[in-house]
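Below is one structure; the comments refer to it alone.
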Amino acid sequence: MTQAEKGDTENGKEKGGEKEKEQRGVKRPIVPALVPESLQEQIQSNFIIVIHPGSTTLRIGRATDTLPASIPHVIARRHKQQGQPLYKDSWLLREGLNKPESNEQRQNGLKMVDQAIWSKKMSNGTRRIPVSPEQARSYNKQMRPAILDHCSGNKWTNTSHHPEYLVGEEALYVNPLDCYNIHWPIRRGQLNIHPGPGGSLTAVLADIEVIWSHAIQKYLEIPLKDLKYYRCILLIPDIYNKQHVKELVNMILMKMGFSGIVVHQESVCATYGSGLSSTCIVDVGDQKTSVCCVEDGVSHRNTRLCLAYGGSDVSRCFYWLMQRAGFPYRECQLTNKMDCLLLQHLKETFCHLDQDISGLQDHEFQIRHPDSPALLYQFRLGDEKLQAPMALFYPATFGIVGQKMTTLQHRSQGDPEDPHDEHYLLATQSKQEQSAKATADRKSASKPIGFEGDLRGQSSDLPERLHSQEVDLGSAQGDGLMAGNDSEEALTALMSRKTAISLFEGKALGLDKAILHSIDCCSSDDTKKKMYSSILVVGGGLMFHKAQEFLQHRILNKMPPSFRRIIENVDVITRPKDMDPRLIAWKGGAVLACLDTTQELWIYQREWQRFGVRMLRERAAFVW
């Protein structure tokens, strides 16, 4: 065989291989990999770092670690000048709480909670007897703390060496009298951009870089100069801001110096971590709750929604309810970091969703603030322990007025660096529509007289009908440009979504209603049936006793009757494989690192430097 014939044979094999890949549905790379396939060795999992950034907690670790390091996602920065005003991002407090209508809304929400508690019978078939706060108040007002020890054992962070910044627990325990600003770089699942000090995009990214770098050095014991040998898997929210994701990827690759990155959505990673292929993911975090339906590794765009409340709101609501019952620790302040930690602890210790626990009960708790005596308080609580977590189902009880409480997946923001962003596609689509209309007009004008006579009643509106069909199709495609496989979704799902945008974005949906809405936006009854049969709850915001049974009862009672007849069981899973629900998404990121298919998803530093955000469109596991 001649050299030319050999070359033709090899070219034929390559073309045949490409054709076979296309038939299998493998994406043809728009941007060729700068690292040849022959040199792309299997990436060792212990050189992959999985990062799951939350609003309150950062979870970070090697893909081979059994558990990640979990640290408060906060930084304290020293004042650059003396006399600089003190600034600290709030934790339990938020905008919209002190409006004139807030208290009335709280009371109305609490009435709905009490009605729901009364309407559901206990396991013995009897109604639950309500306990008024007045029954506990007289006892609690008389209680005084007992001194356990003159030293609590906790100390403020030592700042005598004037560190420029402190991270995690050290930042939380900075003395308020020291000259440090406190920043939480992520709020309600998004970058904490605000008009105050440290609220610019550049400042927030700088805070995140410092926190993550500190965690990698301290907890993973990896020198920052060695990050060029490591790759990163970054978990992002299902409803994400493209600009923010782009900046985070740029920071990880170009500033921190990782050699490669894979970006994936929290919900899909939660399915990997739980071992479920198709499920409705309910992620109840500290500051936001997100719901979406995932099927075979794809997060259905139309089913995604984010609720702007979570565990912190339950803690604040619990404090309000305890105050009504005469909470004996009267110095408690929501602006104090130590008191916020205490309230979170009290919520996790006492709150539940068990209808069978009723009546007044005695409790005690300790206060161990730094450089203060250790105090023991005793007090009584009744229905407050059940009412607070039920606020997740009746969010009016949070008393938040004038804030956007529900977010659905919106059309994407344009990006000048991305030549194929949605704005470009919509503009070219509009030109195609105009061209099609002009062609249709010309064809109708050039028809023979006899033909026109046969269609006399229809010819005048034929181009308009043709154009309207194209426009409808175009709008359906335009709505599905940002996130994947949605061009195949039924028109009914699209209309359901458009109606939802107008109806729900101004309202605070309860958790059960949000789940029902998300499942209802699935494109087929078969998919809806799958989702009703498997609801996975992750995150730390719903870790209450009997939460599984409570949520299951709410979904069963409110789901459409047509599905209630055909679905044998609504399965609510709160601890898959007996795992901590707060770690499931991170664990899924670690599983993702070990999959063979992940090798095609890596974005390398040199590629990002050359092609930028276009690499996300090419390599992301979801449609960018």
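Every residue gets a Cβ built from N, Cα and C, even glycine.
Since the structure is predicted, the reported quantities are computational estimates derived from the model, not experimental observations.
Feature annotation from Swiss-Prot across Ser102, Ser412 places phosphoserine at Ser412. Around the Cβ of Asp286 (ATP binding site), the number of neighbouring Cβ atoms within 10 Å comes to 25. When the Cα atoms are compared, Gly285 (ATP binding site) and Ser132 (phosphoserine) turn out to be 30 Å apart. Using the Cβ center of Ser55, Thr56, Asp283, Val284, Gly285, Asp286 for ATP, the list of other same-chain residues with Cβ within 8 Å runs, in sequence order, Gly54, Gly189, Gln287, Lys288, Thr289, Gly310, Gly311, Gly539, Gly540, Gly541. For the recorded site, Gly285 (ATP binding site), the DSSP three-state label reads coil. Around Ser55 (ATP binding site), the same-chain residues at least 6 positions away in sequence with a Cβ under 8 Å from its Cβ are His73, Trp184, Ile186, Arg187, Arg188, Gly189, Gly285, Asp286, Gln287, Lys288, Gly310.
Note: the CA-CA distance between Asp283 (ATP binding site) and Ser132 (phosphoserine) rounds to 32 Å. Using a 10 Å radius centred on the Cβ of Ser132 (phosphoserine) and all shown protein chains, the other Cβ atoms total 12. Sequence-distant neighbours of Val284 (ATP binding site) (same chain, six or more apart, CB under 8 Å from its CB) are Gly310, Gly311, Leu392, Leu511, Val537, Val538, Gly539, Gly540, Gly541, Leu542, listed in sequence order. Annotated pair Ser132 (phosphoserine) and Thr56 (ATP binding site), C-alpha to C-alpha distance, rounded: 34 Å.
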